[in-house]
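Annotated features, as they stand in Swiss-Prot:
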type: BINDING; residues: 94, 116, 118; note: Mg(2+) 1 binding site
type: BINDING; residues: 116, 119, 283; note: Mg(2+) 2 binding site
type: BINDING; residues: 119, 120, 121, 122, 211, 263, 264, 265; note: substrate binding site
């Protein structure tokens, strides 16, 4: 392993790929393309209102969500960083309804890039933390124009995944299947420098992240789990927990990699037609890859995330990840037979969060 003293992202990737079987030059090149896109986005977010990036443009993305100006600018940064380099065969993004192939006159690589160009965009106007999430998959039909079916692969097929975090400093965190490593952007040099080698998720922690305003819509296992945590020292867990919620998935992933804990965005009955809220292909799957590489766990509650195969580009799933002990406890509660829900409130299953 290279020393952390001023090791750049490019140097790190060259060293990592040198010990692997096969030619990883396209993977190395595509990761550097993604890093370049993230540098561009970092600069735009840092400029804020001075660059005219705040506010919404009146359009919606394929999921019906309002698109911020910076959503579209970030998406374009990914496209421009990858379209002419010959490292990718095609792209899929939260902000694009269909997959994007490149003109025949451009060189095509053998890898597919999927991404959420700007996670947590509701934080933009309040100068809150935002980020980017990405995943790299093999192209099943090298040399051909990419189709939607080419992208619908299980998380086990990922060859790399990671995120950028645009906070007080900009960080780029990734895995290529040999651990999770974090790099901090040196704004003077313009390079990502290795600062967090071999990041691991501690098996137990006293923090959890969930949007408690949805508690009345939670499934019984989630209610039971959160009730255990809120009971504190006098409850079954025999310790106090703190709740965190940043409204940016990337920020919660980063905190858990550094401090442990658990993140829950479960399925609920608020919108019963949705299986979950977060997208499998370019949010849940890359997070799952990072978590497993760092010694954590990731699940829907009933299924291991990396085993899922998306049925569509923008398929949604429940997402629960973090310290292994905590995630396993949630999985155990989902496996237990459901308690009978009595019609009479006096005998109904109760929790600390009331309906």
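Placed from the backbone N, Cα and C atoms, the Cβ positions cover glycine too.
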Alpha-carbon spacing, residue 121 (substrate binding site) to residue 94 (Mg(2+) 1 binding site), which is rounded to whole Å: 12
For residue 122 (substrate binding site): intrachain residues, at least 6 apart, with Cβ closer than 8 Å: 247
Most Cβ neighbours inside 10 Å, all chains, among the binding-site residues 263, 265: 263
Nearest-integer angstrom distance between the alpha carbons (Cα) of residue 120 (substrate binding site) and residue 283 (Mg(2+) 2 binding site): 12
Residue 116 (Mg(2+) 1 binding site) and residue 263 (substrate binding site), distance between Cα atoms, whole Å: 19
Residue, out of the binding-site residues 121, 211, whose Cβ gathers the largest set of other Cβ atoms within 10 Å: 121
Distance from residue 211 (substrate binding site) back to residue 94 (Mg(2+) 1 binding site), taken between C-alpha atoms, in Å: 22
Secondary structure at residue 94 (Mg(2+) 1 binding site), reduced by DSSP to three states: coil
Residue 119 (Mg(2+) 2 binding site): secondary structure state under DSSP, collapsed to three categories: strand
Which of 118, 264, the listed binding-site residues, has fewest other Cβ atoms within 10 Å: 264
Residue 118 (Mg(2+) 1 binding site) and residue 265 (substrate binding site), Cα-Cα, nearest whole angstrom: 18
